[in-house]
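Positions annotated as domain 'RNase H type-2' by Swiss-Prot, on the basis of sequence analysis: 1-210. What Swiss-Prot lists as divalent metal cation binding site is ASP7, GLU8, ASP105.
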Amino acid sequence: MKVAGVDEAGRGPVIGPLVIGVAVIDEKNIERLRDIGVKDSKQLTPGQREKLFSKLIDILDDYYVLLVTPKEIDERHHSMNELEAEKFVVALNSLRIKPQKIYVDSADVDPKRFASLIKAGLKYEATVIAEHKADAKYEIVSAASIIAKVTRDREIEKLKQKYGEFGSGYPSDPRTKEWLEEYYKQYGDFPPIVRRTWETARKIEERFRKNQLTLDKFLK
């Protein structure tokens, strides 16, 4: 029986894409994931993740990566949880090899509801099991987590080559906030790599617009 794991990387940052990773393997080969040291990507260094990524590509029967742009995130008409479920479905339906069982790291406080959302969108029959911290419980979800994280890390490096050093991209990072302010101050807008609906970006935009209005009023 083929089993799949699904996880994401980059849900919280104000910069960069949300990345969905899907991994598929025959249930009898799960042991091979353990043998190479697959575990939750958050417990691994970037170097360890890169090494495991290469090994995973050889071991897995199939895998798929989906990038969700900041524009898609900003223009969504529903919650982040629903967007995530929707994109999980797109990724799962894009697999060459369809699994009979799917393990998902639940973004919803109600894992059963999250599983139902995914099952409803599948174009094939499969059992969907959604759990919190599934990436720490199931090796196949850990594999998906590693694929998503490595892909996002690579994307972030490409963005840094183009836009400069913006830190981790997380709202709590002082370097990220500094970069957002400097960029907006210089160009009067954010580049397409920024999630404009995130509070950090909105506050910067509001502050600069307010200052501009005050300046315009003064100059009149």
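Just so you know, glycine gets a Cβ as well, placed from its N, Cα and C.
Positions of the features from Swiss-Prot, shown on the structure.
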residue : record                             : Cβ neighbours (10 Å)
ASP7    : divalent metal cation binding site : 29
GLU8    : divalent metal cation binding site : 24
ASP105  : divalent metal cation binding site : 27
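For the recorded site, ASP7 (divalent metal cation binding site), the DSSP three-state label reads strand. Taking the mean position of the Cβ atoms of ASP7, GLU8, ASP105 as the divalent metal cation site, the remaining residues of that chain whose Cβ falls within 8 Å of it are VAL6, ALA9, ILE20, GLY21, VAL104, ALA107, ALA134, ASP135, VAL141, ALA144, SER145, ALA148. The average pLDDT computed over the domain 'RNase H type-2' (1-210) stands at 95.
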